[in-house]
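Data first, discussion second: the structure below is written as structure tokens.
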Amino acid sequence: MRWGTVVILFSLIYSVTLAKENDGIPRLDVLARSSVYNAGEKKAIYCKGENLDQNLEWLSPSGMPVKGRSSTNTRVYVERQKNDSLLPLIIHSLKIEDSGNWTCKAGDLNETIEILVGEKVNISNRYESFEGEEGKSARLNCEAKGRPQPVVQWYKDIEVISDKTKKYVVRKKGDNYQLEIKDLNHQDTGEYVCKVTQNALRYYTDKRVQLTVQHKPILFNSDTEEIYSSTYRTEEIYAILNETKNVSCSAIAHPVPTFSWSRRHENEFDEPIEDEEKVLKSPSGNVSVLVLRMYNESFYGEYKCTAKNPKGQASVVFHVTEGNKPNPPDEISVFTSNVSTITFNVTCYSCNMDFEEDKAPDPANLVVIGYSFELVPVRAGYPAEWDNATLYDIDIQSANDTLFTVGQLPNGTTFHARVRTRNAAGHSEWVDIISSDIKTTDKAIKLIASLTLLLASLLAIMYN
């Protein structure tokens, strides 16, 4: 469309509008729509009149005329204009009681709008910590006073909480939306969020409560992360003579548990193990490690770990027996690499790869469960510094797996690498990977350099 046509259209529209205003017919319009306002705001609502014989006036929801501003009337008032064709209604610091129908009128003409004054929910303490006790109930409060009445929903770790189960009950007591959690256990520990929404006000807020449950120790397997339901259990552990075996005892508990180790003699666990070099503790305090240096067969036997706190205790007995040392890999090569990973092709034809479930392990021929890789960057003129190497333990998912990816690695780097097999008893001997292809690519660096060069070229073209 050409500019000349646009100008003509606007001229026609203006002419029609002007003719309408000058047709002599009385008109009255409120220049606002019915709406929701926030308490405390200031609003000016205009009423426009044309060809009127009487003055414009505003009526409050009670039907009383709104007066002009004065020393005693400074919050709700009207401001008269010289020609009285426009009458603004001014409301300072809107209140809930200002809600209702406000009417602008002149003689028999009138127009009404509905004003709803809303009050945003204000949660004074949005972050709380709460400590419950195992077997008892916890009640988390969420005070959500506002108008219009908010929609409130409780969540645990981003999951919606349904009060249709026996575990949770949500009660509304006045403005308090209280969540009750029954029969507390360790799984109830976490973050609970009370989400409050007022759609009419386009407003959202929330309250977060970190719940911690005091409970007795619960044993779990730190490798598989399986949690044990019983407070006393036994577990088979395989070790290799003349090597070190670390036996991990893991427990979830609050307060943090204390661990004790003992060894069975005859029918009693009467030999406490308290040597600090033999018993190590994780920084979190939830794992204790017994370090067994298997100098001879006398170190095989039964070892008991007990985790205890004021709420109770749990124990596990480890049966340490001899297992076979796995065979090392037969064939190793580099399959592929990129800027941050290297994929190796590893096979062990002489290894037991029988992954049948529910089959009792054979201590003399344990299944290989994975490979351990060590990588260290090459330094020209120096041998491999294995003490500074990075270890990567990768599990075998099925007997047919041969490709194993190691990363994240620095790009454009050449490495020394070695690998060994793993079973439940321990590791094979290390096998060095002899290849000139043990390196990551530097394509990312080249790409950045190319993009930089391209950008510089474009800038040069633009400014020449």
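Every residue number used here counts from 1 along the chain in the order it is shown.
Using the three backbone atoms N, Cα and C, a Cβ is placed for every residue, glycine included.
Note that TrEMBL annotation is computational and uncurated.
Model, not experiment: these values are computed from the prediction.
Here TrEMBL flags 26-114 (among others) as domain 'Ig-like'.
Each residue in the domain 'Ig-like' (119-210) gets a DSSP state, and the totals come to 6 helix, 50 strand, 36 coil. The domain 'Ig-like' annotation in TrEMBL covers 119-210 (among others).
Marked as domain 'Ig-like' by TrEMBL: 217-317 (among others). Confidence for the domain 'Ig-like' (217-317), expressed as mean pLDDT, is 93.
Summarising the annotation, TrEMBL assigns signal peptide to 1-19.
Helix, strand and coil content of the domain 'Ig-like' (26-114), in residues and according to DSSP, is 3 helix, 45 strand, 41 coil.
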